[in-house]
Ligand code: ATP
Ligand code: IPE
């Protein structure tokens with residue numbers, strides 16, 4: 001397959017495009033910013049969005065992430081199956097609304113749900129992914145819009161595949177110039193941002209052995225079934241490690257200049273946001 005020059009992969013975090021604590025409620029203010037940014041990206045990109053208040057509540061209530069096994073009773077399996085169906089329906093509702101808004105803004109966005117072509121093993125190991133469809137869409141000038149989804153899992157019947165894991169697989173295959181996570185806070189802080197002593201960290205370096213060089217303390221919303229910021233740091237490390245530091249990762253507020261600059265140009269605006277980078281001794285001697 002010929003390589004495709006991909007400017008960026010952008011994650012619209014569930015915390016930024018929805019009101020994460022209000023059931024199935026979108027954050028309309030953030031949408032106009034996000035769509036405007038995508039219009040300004042010169043070149044090809046892929047959007048992956050989270051579920052936020054569309055999907056996480058249902059996934060948690062029905063235990064979809066843990067799936068079931070051969071020992072599970074028929075009732076338990078039926079319960080999880082129902083959860084899978086309602087979670088999928090909810091996140092697809094969000095996807096439909098987002099893709100509609102993108103199309104209305106003149107962007108040829110096309111929805112690609114991982115449930116159809118992606119499979120996992122033991123929750124987070126992706127064993128197959130439909131990259132051919134995404135490649136075809138990119139080659140023909142479309143903008144693929146994927147999302148965290150309910151998928152079939154070899155060991156657990158089914159599970160929740162996080163949008164962050166989808167991004168890892170896409171980054172490894174398409175090697176974009178950068179990966180940008182758009183969230184509801186200005187970047188990564190030393191402490192959860194609600195904490196009065198929290199300070200924004202403009203750059204976070206990982207050592208080549210995976211050790212993070214700046215201390216970051218996180219918390220997770222109780223209904224977030226895919227792990228919150230801690231998993232995002234792990235995702236960032238996986239991307240940096242896999243690409244040997246050639247794909248920088250940014251975390252920015254969806255409603256910021258930093259979001260626009262990182263998506264369009266690959267650097268932050270006035271240090272508002274966080275760049276995650278690989279620390280190599282030779283670069284610093
Ligand atoms: P997901 O990662 O599940 O796809 P998302 O992309 O919307 O979702 P979250 O994982 O919810 O993003 O991460 C953003 C949230 O992390 C913020 O709302 C913030 O309150 C919380 N958070 C906790 N600790 C920190 C920290 N040290 N720095 C920045 N945000 C933090
Ligand atoms: C979660 O995906 C998918 C479902 C619950 C169906 P993400 O992990 O990418 O979602 P956010 O960003 O945390 O909302």
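Backbone N, Cα and C atoms are what each Cβ position is placed from, and that goes for glycine too.
TrEMBL names 11, 12, 13, 14, 15, 52, 228, 232 as ATP ligands; from the candidate set 76, 184, 186, 197, the record adds 184 to that same site. The record from TrEMBL ties 51, 56 to substrate, and of the options 157, 163, 187, 210 it ties 163 to that site too. Confidence in the domain 'Aspartate/glutamate/uridylate kinase' (8-253), given as mean pLDDT, stands at 94. A straight line from the CA of residue 51 (substrate binding site) to the CA of residue 13 (ATP binding site) spans 8 Å. Highlighted here are the recorded positions (20, 51, 56, 232) whose C-beta falls below 6 Å from ligand 1: 232, in sequence order. Its own atom aside, the Cβ of residue 51 (substrate binding site) has 31 Cβ atoms within 10 angstroms in the protein chains shown. In this structure the alpha carbons, written CA, of residue 232 (ATP binding site) and residue 163 (substrate binding site) are 10 Å apart. With a CB cut-off of under 6 A applied against ligand 2, none of the recorded positions 11, 20, 184, 232 are retained.
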